[in-house]
Amino acid sequence: GIPICGETCFFGKCNTPKCTCNKPLCYKN
């Protein structure tokens, strides 16, 4: 739930491990 992945996502995938996509950012926990 914390946007600390430093990554944006638009297609439902995040490159950062253990990060999930919640447009427009990738979140971890």
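Glycine too: its Cβ is placed from the backbone N, Cα and C atoms.
From a predicted model like this one, the values you see are computed outputs, not experimental measurements.
What Swiss-Prot lists as disulfide bond is Cys5-Cys19 (among others), and the listing cites sequence analysis. Listed in sequence order, Cys14, Thr16, Cys19, Leu25, Cys26, Tyr27, Lys28 are the same-chain residues at least 6 apart in sequence whose CB falls under 8 Å from the CB of Cys5 (disulfide bond). DSSP assigns Cys5 (disulfide bond) to coil in the three-state reduction, outside any helix or strand.
Proximity of Cys21 (disulfide bond) to non-local residues of its own chain (separation of 6 or more, Cβ distance below 8 Å) is seen for Cys9, Phe11, Gly12, Lys13, Cys14, Tyr27, given in sequence order. Here Swiss-Prot flags Cys9-Cys21 (among others) as disulfide bond.
Feature annotation from Swiss-Prot assigns disulfide bond to Cys14-Cys26 (among others); the stated evidence is sequence analysis.
Its own atom aside, the Cβ of Cys26 (disulfide bond) has 21 Cβ atoms within 10 angstroms in the protein chains shown. Classification of Cys14 (disulfide bond) by DSSP places it in coil, neither helical nor stranded.
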